[in-house]
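Here's the structure, in structure tokens; my notes come after.
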DNA sequence: AGCACGCCGACT
DNA sequence: GTCGGCGTGCTC
């Protein structure tokens, strides 16, 4: 996060350094480019662990085209047979530098082909990729593959539109509801680099607010980039931006545009023709010229984590960009992650929140039904829904649609206390307990300790259960109980963007809730309370609050009759935070707890997994930063084993470097079976 | 990751 | 003698 320290970088530079200079020689003595006859090339695939550049000779005919940043093809892996080069397969790559000489002592192979004269891997994009690779102990080529889209020749042939002049600074609009909102916009429009963690008010205004932040940055003559978790939210931001500025100032970078159109838009950004980008995860690398603002919406959404190696998270990539490219930063959401709270806590970013009066005016009424209430409720035992739920639904259906949030399939804890349903955790390290075989002894998913004498920390119970839910069926029952009301469903395969303002029951899984036209939903029933809260995940509380707030924000304010009913214990921290609509307080308390328990993100973690021998081998080569804890190893789900490494705050970069140095050293000794290294893994339980 | 080189044992 | 086992090391 903000703990990167310089000595680590020197260590990496050392392992990258190569031998002495040599005059470029080439294999067949072909005619070479006169001025700078050497091209330093990043080879796209192969040697993934070696992670280094290779020098090639530039034939005279390619002198003009082989500029830094263009795509080339090179022969790689050739062998010398009787003084002649033979074999070698063609690989794609990028020229990263033109030079007068090479560090490589041997003869240089010539570039095979310049694929295109389009400069795609610009120096600043390369620098960003390098930083991301280092941050995650990954290979540069892997990051470049994430950052530069595949070439589509047709899109390259077409010229990009002429850039538009900077727009006028926008009016504050609904930003006036936030104490420092108008000042934040003014700072952006002035060309400053304000950094904020923005807690958005519930309701439909956040896309327009995000659009105004982008417009204010454009007004300063700089570019802006906003990353959102899914196509629906990008579409909302896009619509708001188009309404504010018209078309032409921005592009949408999402997967559903198709590869060619997407590359066309990416090129418009890369060429400086378009200065603002709204997009999903991959847009985090968008090469916006003279970037003035990076914005991220709802950083707790898991789709901000890139699944491909080295699995960078959009929040971290944008934090790197904000620091390196000296830009403003806006982390927005209805709730805050602990990482967001940490940015405020460290003083790096300022909170951007509304007054309590504005919160009260915007939020719906939140009511709760706990287990004790349900036990007393005869109707609930029969129909599995408390009578308050029936009452709220009946009343709300008189004035508008009702949203029913049900748990997603497979979204249940592995093991929980049989009596109070609290997730079962390891007594030694608080990792999640798992049952590896039927009837066996549960053991910790982190440190592997068996938990034969487990008892519940909350209620003292000693029986464990694997959880099952029937909430979807409950929702269906609800539909049958109101036969004249239409039932719409949104989830998994069919996600609705919006529903009408007329009374209806809208059943949705978390994250797939449609926006209700008009005033918003009259009520929401959150049926997934205990399933969300009891997940064996560090983020269970944060995630529950995030999902509840997302649903509750679609409900009209309490003053207009909006009601939210959450089926969860009212004494639990996330439930209280929802009732009081105090996401900031919740995040601050979660952060304090993580610090106390030495959990991420206060401590940083890496997971090392692979065949047992290989993990031990890598570990022997790694010089871990002082104070590193080793948790495990435990058997990994896909075979082999997994080890967690935990370092104190401020040592994240050192841990990444140590692991990278170890990986390279191990590869140089003949490698063997590969070991996967991941920083800040998201699935550690 | 490929892929050739090399230094060992069993075969026509 | 020669074919081929895969252990080892290099790739601009």
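Backbone N, Cα and C define each Cβ position, glycine as well.
TrEMBL annotations: computationally assigned, not manually curated.
As annotated in TrEMBL, region 'Disordered' covers the listed stretch A:152-173 rather than the other ranges in A:108-129, A:130-151, A:152-173, A:174-195. Close to residue A:429 (Zn(2+) 2 binding site) in the fold, though at least 6 residues off in sequence, lie A:444, A:446, A:447, A:449, A:631, each with a CB less than 8 Å from its CB. Reported as a whole number, the C-alpha separation between residue A:459 (Zn(2+) 1 binding site) and residue A:426 (Zn(2+) 2 binding site) equals 16 Å.
Between the candidate binding-site residues, A:426, A:447, A:459, the densest Cβ environment within 10 Å is the one around A:426. Same-chain residues with CB within 8 A of the center of the A:426, A:429, A:444, A:447 CB atoms, the Zn(2+) 2 site residues themselves not counted, are A:425, A:427, A:428, A:430, A:431, A:445, A:446, A:448, A:449, A:631.
Within the chain, the compositional bias 'Pro residues' (A:161-172) has long-range Cβ neighbours (under 8 A, six or more residues past its boundaries) at 181-182, 185-186, 189, 212, 215-216, 218-221, 244-245, 248-249, 268, 272-275.
Each residue in the domain 'Primosomal protein N' 3' DNA-binding' (A:41-149) gets a DSSP state, and the totals come to 24 helix, 36 strand, 49 coil.
Of all the binding-site residues given, namely A:417, A:444, A:456, the one with the smallest number of surrounding CB atoms inside 10 A is A:456.
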